[in-house]
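**Q** When I checked TrEMBL for this same protein, it listed these features:
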TRANSMEM  20-39  transmembrane segment
TRANSMEM  59-77  transmembrane segment
TRANSMEM  86-105  transmembrane segment
TRANSMEM  111-130  transmembrane segment
TRANSMEM  137-158  transmembrane segment
TRANSMEM  164-183  transmembrane segment
TRANSMEM  195-214  transmembrane segment
TRANSMEM  220-238  transmembrane segment
TRANSMEM  250-271  transmembrane segment
TRANSMEM  283-305  transmembrane segment
TRANSMEM  317-335  transmembrane segment
TRANSMEM  347-367  transmembrane segment
Amino acid sequence: MTRPSQSVLGPVTRAFRGVIVVALMGAAMLMVAAILGGLARMGVVLPGSVGRALPEVLVHHHGPLMVSAFFGTVISMERAVAVRTAWSYVAPVAAVSGGVALVALSDAGLAAVLFSLAAAALVGVFAVLLSRRFESFTLAMALGAVAWAAGNVAWMSGVPVSEVVPFWASFLVLTIVGERLELSRFRGGERSHAPFWAGFGVAVAGLVASLVVFDVGMRLLGGGFIMLAAWLVRHDIARSTIRLPGAPRFMASALLAGYFWLTLAGVLAVIHGGVRFGLVYDALWHAIFMGFVFSMVFAHAQVILPALSGLKVRHGARFYVPLLALHLATLLRVVGDLGGFENLRRAGGIGGAAAVGLFMLVLASSVRRSRRRANASQKR
């Protein structure tokens, strides 16, 4: 996840503050809907009226809801804030609108069009950023947006979701590693970037190859993910910040733990190739989305939320509880998948949902604590 700073907030951002808040609240609700759909998809019986009223569309379209409606909204909102133009908000608004079309209207066709529009707008935002100043890390994130656009167009064209997921996953992975590349300037310099671009190139080659021979493409993509994870473990600034107290140590812990799951997903892709369904398929993609991506969300939320909403977060040791729960749940799910232990797999799914819910509660509690502290200081 990228990390805009408070310094990028300008007049356009302040004018669109309401849009930002509504879009982020909508994205959060769509994330909850996607999680509920994922639980129902794996056979978890949801309690009471929740289970009875759960639309079938949440079960069938769990993936696009999570990737395009939630992550697409958040990532494109970060970039809209950075580019500081009114039109850049087309991307997050279209992404969250696509999620609403999917959930409220059960219209996958309209959702796919809106998601494709969002991705195209995000590519345009990165083009503007690159024209202002060309940076290698911006290029990496721009290619992630291109992968998102390609995946959405493929989904809109009727390509099976199992063949679209690599593009959606690459959108998130390439965006995240691009942001980490930016921060690596403080550790190792440009000379360390050659292995990064080697892994990045292999991953992109895998995506392209998957359009022709899916099995070969998936193995290449997995190899690229392994190379990128190895580079991150070696060169990420998290190796230094984990020695610091407070929020920097928490962020570094979440980052380094997430890189393990990216590596494992790459290994599974190399070994199993073009798997399109089944337990290995589930293990591979949830290692990325649940273990890697959500660990990145947990790591950066204390920076992203203040930058986008103006809300201040007070860090505390309690943030480690949902982080540990997330990785334990991912372990249970992956072991359950690979070992054929249905109870473990289901426990992992429930645990992952609980970890995300707990993290949201801890985050909200931290915002309230920060507000109370600020109010108390003003009264003195």
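Numbering starts at 1 and runs along the chain as displayed.
The backbone N, Cα and C atoms fix where each Cβ goes, and this holds for glycine too.
Automated prediction, rather than curation, is the source of TrEMBL annotations.
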**Q** Please tell me whether the transmembrane segment (137-158) and the transmembrane segment (195-214) touch - that is, whether there are at least 3 C-beta pairs under 8 Å between them, with each pair 6 or more apart in sequence.
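**A** Yes, since the transmembrane segment (137-158) and the transmembrane segment (195-214) share at least 3 Cβ pairs closer than 8 Å, they count as touching.
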**Q** Under a criterion of three or more Cβ pairs within a distance under 8 Å and sequence separation of at least 6, are the transmembrane segment (220-238) and the transmembrane segment (164-183) in contact?
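**A** Yes, the transmembrane segment (220-238) and the transmembrane segment (164-183) are in contact.
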**Q** Considering only the recorded stretches 164-183, 317-335, 347-367, state which has the highest number of Cβ pairs under 8 Å to the transmembrane segment (20-39).
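**A** Checked against 164-183, 317-335, 347-367; highest Cβ contact count belongs to 347-367.
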**Q** Which one, 111-130, 164-183, 250-271, 283-305, 347-367, has the most C-beta pairs under 8 Å toward the transmembrane segment (317-335)?
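**A** The stretch I would name here is 347-367.
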